[in-house]
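Student: Just lifted these from TrEMBL, have a look:
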- C:6-23: transmembrane segment (TRANSMEM)
- C:74-125: domain 'NADH-Ubiquinone oxidoreductase (complex I) chain 5 N-terminal' (DOMAIN)
- C:85-109: transmembrane segment (TRANSMEM)
- C:121-139: transmembrane segment (TRANSMEM)
- C:141-445: domain 'NADH:quinone oxidoreductase/Mrp antiporter transmembrane' (DOMAIN)
- C:145-166: transmembrane segment (TRANSMEM)
- C:178-199: transmembrane segment (TRANSMEM)
- C:219-243: transmembrane segment (TRANSMEM)
- C:264-289: transmembrane segment (TRANSMEM)
- C:295-317: transmembrane segment (TRANSMEM)
- C:324-345: transmembrane segment (TRANSMEM)
- C:365-386: transmembrane segment (TRANSMEM)
- C:516-534: transmembrane segment (TRANSMEM)
- C:618-637: transmembrane segment (TRANSMEM)
Amino acid sequence: MERILFYIIALSMIIFAIAAVSSRRMLRSVIYLLFVLVGIAGIFFLIDYNFLAAIQLTVYAGGIIILIIFSVLLVHHIELKLEMAKPFRQFLTAIVCLIGIGIILTTIYSHQFEVVENNISTTTAQIGSKLLSYDSGGFILPFEVISVVLLAAMIGGIVIAKGKKLNEKNDN
Amino acid sequence: MIEGISIYEILTLTTILFFIGIYGFLTRRNLISILISVEMILNASVVNFVIINKYLYPDVLQGVLFSIFIIAIAAAETALAVAIIINLYRQISSVEVKDTEVMKF
Amino acid sequence: MNISYIILVPLIPLVVFLLLGIFNQKIKPAVSGYVGVFGLLASASLSLYAAYHYFFISGKVDGTYQTFTEKSIWMNFTDALHIDMGILIDPISMMMLVVVSIVSLMVHIYSRGYMKGDNGYTKFFAFLSLFTFSMYGLVLATNLFQIYIFWELVGVSSYLLIGYYYTKTSAIAAAKKAFIVTRFADFGFLIGILIIGFYTGTFDFETLNNPEGSAILNWAATSFMGLSVITWALILIFIGGAGKSAMFPFHIWLPDAMEGPTPVSALIHAATMVVAGIFLVARLFPMFYFVEDGFALNIVAYVGAFSALFAAIIAITQTDIKRVLAFSTMSQLGYMMLALGVSGYDGQEGVGYMASMFHLFTHAMFKALLFLGAGSVIHAVHSNYLKDMGGLRKYMPITNFTFLIAAIAIAGIPPFAGFWSKDEILVAAYEHNKLIYYVGVFVAGLTAFYIFRIYFGIFWGKEKTYNHTPKESPLSMTFPLMVLAFLSITAGFIPFSEFVTADKNGFDAHLNYSLAAIATAVGLIGIIMAWVFYKKENSLSDKYAKAFGPFYKWASDKFYFDEIYMFVTKKILFKRVSGPIAKFDNKYVDGTMVGIGNKTVWASEKIKGIQSGKVQDYAFAFIAGVVVIALVSIYLLTS
């Protein structure tokens with residue numbers, strides 16, 4: 001059952017990912033990305049990381065996608081068809097990417113992973129206490145640093161987006 | 001652990017996702033599309049962190065915690081990228097890559 | 001004797017030069033004139049005091065004037081071979097200090113009147129100070145290299161001052177000519193210095209000049225083409241000296257140098273810089289005398305004698321009064337050279353050396369006076385040419401009188417200064433070499449003739465009508481004339497042989513009455529001939545010029561030496577040698593370099609498109625590269 005579910009999710013993720021990078025309509029592309037992100041959340045559910053899945057859904061699907069949609073709506077016509085690279089260039093890039101996939105997959109498949117069979121389910125409390133622990137293996141310092149980074153990003157985002165007009169081109 | 005699914009299959013999925021992201025990054029001619037591709041790349045790596053944690057070292061949480069950090073950083077990055085895109089749009093009325101070639105020669 | 005205060009003598013003009021040079025635009029001309037004059041006054045008083053101190057207070061020790069040096073090592077090649085900077089005090093450097101400071105001071109004072117209203121007034125005084133500094137440095141130099149440095153510095157100041165009227169094409173050409181010709185000769189000087197440094201291991205004058213020193217005793221150690229290398233070096237050094245002192249065949253720059261302002265001609269091209277060559281030979285005199293039995297010294301004598309004769313003949317035919325004086329200078333310099341050439345070393349034998357220095361001293365006074373007088377005349381009539389002058393004695397009494405004194409002095413009529421020094425030269429030549437003696441006597445007659453030719457031509461001769469009446473020059477110009485006239489009368493009475501001799505011991509000189517009588521008679525004949533020819537306007541001179549026929553024409557065209565030089569340089573050197581080399585250089589040497597550059601530009605034109613400025617292109621290259629490297633490292637390197 002889980003196996004079938006995984007295959008369905010994986011297949012749809014790949015399809016939607018390809019659609020997201022090849023659609024010539026901006027808004028559709030963003031929605032396809034949303035599906036990919038939701039699919040990733042589904043994988044998190046499947047491997048029993050519910051908290052992570054929730055974060056994925058709220059932050060990515062809920063936050064980032066909305067942000068991108070806003071920016072799309074601010075700078076684009078919905079019906080605008082986007083430019084793509086030249087066909088030859090696309091072909092070349094595809095070849096490079098396929099070779100890359102080939103290399104990495106052969107490397108992965110030639111490596112023997114020492115998989116530990118387990119059924120441990122992780123609770124949110126465990127994650128929370130680990131995140132705020134200052135014992136060895138605790139993540140309190142990165143956690144605090146991240147909070148500062150987020151604050152800086154927030155301020156930076158406001159300052160940059162507010163920026164003065166440098167030329168009058170966009171008046172008309 | 002997903003019943004009947006080995007780590008190889010999941011890693012295959014993330015690899016494909018990663019390279020689809022790279023393909024998009026290289027072929028799209030629009031800053032927002034590029035941003036979307038970058039998100040995809042990031043997500044593929046997040047999944048890798050989590051899967052490896054789950055399959056190989058189930059009794060620790062490092063992978064999960066790093067995923068959380070990556071997601072946080074990605075959110076910040078997206079916010080900044082959107083801010084830059086909007087600012088750029090206000091200045092040159094375009095978010096096409098071909099209009100931002102100041103680094104030329 | 002503590003000599004360290006003498007370092008101030010050259011330093012004061014240097015400070016004045018820097019002051020006037022740096023604040024050229026800010027300083028008012030009136031102020032700069034005073035700065036120049038008072039700076040030089042201070043330095044001149046110091047040097048006069050130093051001379052008094054050296055000759056009279058310090059005096060002789062064991063019958064010999066001492067040599068004082070104060071120096072510090074500047075550049076160290078080996079333990080023995082190093083270049084020093086310092087000051088060397090001995091009789092000739094003291095005498096030169098006196099000459100330079102007196103003439104320079106007079107010229108400074110004179111220039112305040114002569115250059116009045118000129119645009120580059122401050123610049124002019126700055127250059128004069130630079131020259132004075134360099135000349136002091138030259139005479140005080142302790143070693144060959146130091147003298148060479150200041151040698152070039154006086155060359156530069158001379159270049160700057162000849163080209164002072166830089167809007168005049170002829171002045172620029174003359175400046176370049178002077179610089180190139182002397183530079184060419186200095187090349188010989190430099191090679192000579194290097195040879196001396198290589199074979200004797202020292203540049204120091206004291207070591208080199210010591211008659212018992214290794215430099216002189218070991219002259220025969222190495223020989224080259226039948227002569228000792230030291231002799232070759234001395235000949236090369238003499239070539240440098242001949243260049244500066246306008247000896248034949250390097251004389252061609254001196255007449256053209258008259259394009260500079262007249263005070264400059266008086267200071268540099270009559271009294272001081274041009275005697276640097278004489279000074280150089282005198283400075284190295286023991287080497288010249290002892291090495292290879294004075295072979296190099298004989299060359300000096302013959303070159304000097306020939307130059308003296310050659311220049312005197314040309315001087316008779318010139319119509320530009322400054323050029324007459326220039327050739328006269330050259331002739332007198334030849335006199336000094338020949339005196340050095342016929343000199344011995346010890347005591348009475350060294351009369352030629354003494355006479356040369358004596359003549360240098362007196363000549364500086366009366367030739368500066370002649371030039372300044374000529375400047376005064378030119379100032380009044382605004383022309384250099386004899387045909388524009390005549391009968392000026394009524395308008396310019398002081399100039400007339402002082403010019404007459406200088407003319408008598410140079411003609412060698414007793415008791416004026418020139419008589420005494422010229423007589424000593426003729427005595428030395430008579431004792432040493434009869435041929436040179438006869439040349440000397442003949443030149444003495446020619447000298448008297450040509451100098452009185454221009455004297456009568458300027459102040460007597462036909463009455464001219466002038467556009468505006470010439471008037472006597474201001475006091476700032478006539479005062480130096482009077483001072484120098486006084487010196488031209490009295491300088492001959494200085495017992496020079498007491499002070500400046502080759503062995504520094506001094507001796508009693510006495511007149512050789514028969515020789516003196518002959519010289520005086522020849523001088524008088526010259527004057528009388530000039531009187532007959534030029535006192536009143538008449539056609540005698542033209543008749544005699546015709547009688548000499550082509551010879552007169554050759555002489556008035558300076559024996560075509562300029563043309564020969566032009567032919568050799570332009571037609572032969574430039575066309576046949578430099579031309580092909582330049583072509584080869586342009587075509588192949590430059591061509592290769594330019595080709596490399598052009599190909600690089602071409603290649604970068606072709607590939608600059610890669611730097612498109614598009615991030616995605618860069619990213620593509622990056623990822624493709626990563627893939628390739630991964631492929632290589634996984635499948636090729638690990639197999």
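Including glycine, each Cβ sits where the backbone N, Cα and C put it.
Where the annotation comes from TrEMBL, it is an automatic prediction and has not been curated.
Values in this document were obtained by computation on a predicted structure and should not be read as measured data.
Situate these features within the shown structure.
Tutor: Packing against the transmembrane segment (C:6-23) from elsewhere in the chain are residues 32, 35-36, 39-40, 42-43, 46-47, 50, 70, 87, 89, 97, 101, 122-123, 125-127, 129-130, 132-133, 136-137, 140: each is 6 or more residues past its ends and has a CB under 8 Å from a CB in it.
Under 8 Å from some Cβ of the transmembrane segment (C:121-139) lie the Cβ atoms of residues 9-11, 13-14, 16-17, 20-21, 24, 27, 29, 32-33, 35-36, 39-40, 43, 47, 92-93, 96-97, 100, 104, 107-108, 111, 115, 146-147, 149-151, 153-154, 156-158, 160-161, 164, 261, 263-264, 267-268, 272-273, 276, 279, all in the same chain and six or more residues away from its ends.
Within the chain carrying the transmembrane segment (C:145-166), a Cβ under 8 angstroms from the stretch's Cβ atoms is held by residues 83-86, 120, 123-124, 127-128, 130-131, 133-135, 137-138, 172, 174-176, 178-179, 182-183, 186, 189-190, 193, 203, 240, 244, 257, 259-261, 264, 268-269, 273, 276, 280, 283, all 6 or more beyond its ends.
Sequence-distant neighbours of the transmembrane segment (C:178-199) (same chain, 6+ residues past either end, Cβ-Cβ under 8 Å): 81, 144-145, 148, 151-152, 155-156, 158-159, 162, 208, 215, 221-222, 229-230, 232-237, 239-244, 250, 252-254, 256-257.
Distant neighbours of the transmembrane segment (C:219-243): 151, 181-182, 184-193, 195-196, 199-200, 250, 276-278, 280-281, 284, 287-288, 290-292, 295-296, 299-300, 303; these residues of the same chain sit at least 6 beyond its ends, with a Cβ under 8 Å from one of its Cβ atoms.
Outside the transmembrane segment (C:264-289), and at least 6 residues removed from its termini, the chain residues within Cβ reach (under 8 Å) are 92, 96, 99-100, 103-104, 107, 110, 128, 131, 135, 138-139, 147, 151, 154, 157-158, 161-162, 164, 205, 208-211, 215-216, 230, 234, 237-238, 240-247, 254, 257-258, 296-297, 300, 322, 325-326, 329, 333, 336-337, 340, 343-345, 353, 356-357, 360, 363-365, 367-368, 370-372, 375, 502.
For the transmembrane segment (C:295-317), the list of distant contacts is 227, 231, 234-235, 238, 242, 246-248, 251, 281, 288-289, 324, 327-328, 330-343, 432-433, 435-436, 439-440, 442-443, 446-447, 449-450, 453, 545, 552, 555-556, 558-559: same-chain residues at least six beyond its ends, Cβ to Cβ under 8 Å.
Beyond its flanks by at least six residues, the transmembrane segment (C:324-345) meets 211, 245-248, 251, 254-255, 257-258, 265, 269-270, 274-275, 277-278, 281-282, 285-286, 288-290, 297-312, 314-315, 318, 351-356, 359-360, 363, 367, 370-371, 374, 410, 422, 424-425, 428-429, 431-433, 436, 439-440, 443, 446-447, 450-451, 453-454, 502-503 of its own chain at Cβ-Cβ distances under 8 Å.
Remote same-chain partners of the transmembrane segment (C:365-386), defined as residues 6 or more beyond its termini with a Cβ less than 8 Å from a stretch Cβ, comprise 102-103, 106-107, 110, 114, 258, 261-263, 265-267, 270-271, 319-323, 325, 328-329, 332, 392, 395-396, 399, 402-403, 405-407, 409-410, 416-418, 451, 454, 457-458, 466, 470-473, 477-478, 480-481, 484-485, 487-488, 491.
Packing against the transmembrane segment (C:516-534) from elsewhere in the chain are residues 411-414, 419, 422-423, 426, 441-442, 444-453, 455-457, 460-461, 540-541, 544: each is 6 or more residues past its ends and has a CB under 8 Å from a CB in it.
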Student: Across the domain 'NADH-Ubiquinone oxidoreductase (complex I) chain 5 N-terminal' (C:74-125), what does the mean pLDDT come to, as a whole number?
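Tutor: Over the domain 'NADH-Ubiquinone oxidoreductase (complex I) chain 5 N-terminal' (C:74-125), the predicted model scores a mean pLDDT of 87.
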